[in-house]
């Protein structure tokens, strides 16, 4: 009899373990496949990200796009991603052979598929026709089956909200008074229709994918007003997760004259209301989304502004600035720095005595664990080499994971693996932001 009791207990323990593996915190890890096209140390291949995968529950390959004529899902670089070329889709999904618990999803949109004129038009036009939606859904199903993906991440592109200036109390009152006469600008004249049509698209996708157990998730991109474009009560039951990209709240492209925290957990004093992790998570919770479906995005990079004389010497944000700072040496994007590039600018034995553009930045941590870290270097007498940098590091990433755990949310997402310290150049550990966040869940 004892044998059967022990056997039953072991069976139950196995069931609990399997259930925990399925329902435990999600760690969604994005990989931008086009990073494999870079040169030098900025080149990040599928092989380079393998050491991160034991810490990820899902790998999201980004990004696919939409064909503007047929409204079918398309690879943004067929020669790189399809089997007829280098087959990078297949390289990503075959990782499951070595990491059998890993789910590999294809992400569509993500601000990678923008036309120069009317950048969001095809994503909105697709929604407006049942025939276009059907063509898209069918092409999604075909692509997932062909390349052995486990599901789809909808990083759908909607018109972005306009940048807002940071105003004090007096400025807010005056701005509100002016709006009585000028009114609000219209983001999308057909927003109500697009809201209903996006709900229909998600429902159609779910119906097409559910029989094959495909995962369907939604990523809410930065500067997308979900209260305008997303009917949360109708969407939530058709989604396996809702991933909130709660970062890039301020960027040097959108806010060139004002540097500030790019990804605070809570709202700093006298800032734009809602531009923080807690506000976005609270919105989805209040709309009835199960906490276990909400995933919080964590960037692996920083944003930099150029400082000038009028920026002052304190470095305290919000700080006057003059557009993006110079590009990082490997990412090559104005005002953008991977964590490895950020780390190289912070004080270390190798740069302690350097001057000019190589002089280390002054690092300001976040003892409150609410707003994030920043670093800066005031300009010299010629107004050169000044920089203000808001960034994510392992400590702040861990704070966000702790927030997720305390709130009982569904997990975290890493944007993205290629901008973490892939080679361990900073402190020897590879993927330190991912690791720090994972350990705090």
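Cβ coordinates come from backbone N, Cα and C, glycine included.
Marked as disulfide bond by Swiss-Prot: 29-56. Residues or ranges marked as domain 'GH18' in Swiss-Prot: 25-441. The feature N-linked glycosylation site is assigned by Swiss-Prot to 20, 225, with sequence analysis given as support. Residues annotated as signal peptide in Swiss-Prot: 1-18.
Across the domain 'GH18' (25-441), mean pLDDT in this model comes to 94.
The C-beta environment of residue 56 (disulfide bond), restricted to residues of the same chain at least 6 apart in sequence and closer than 8 Å, consists of 27, 28, 29, 102, 414, 434.
Counting every protein chain shown, the number of other Cβ atoms lying within 10 Å of the Cβ of residue 29 (disulfide bond) is 24. Summarising the environment of residue 225 (N-linked glycosylation site), the number of other Cβ atoms within 10 Å of its Cβ, over all protein chains shown, is 16.
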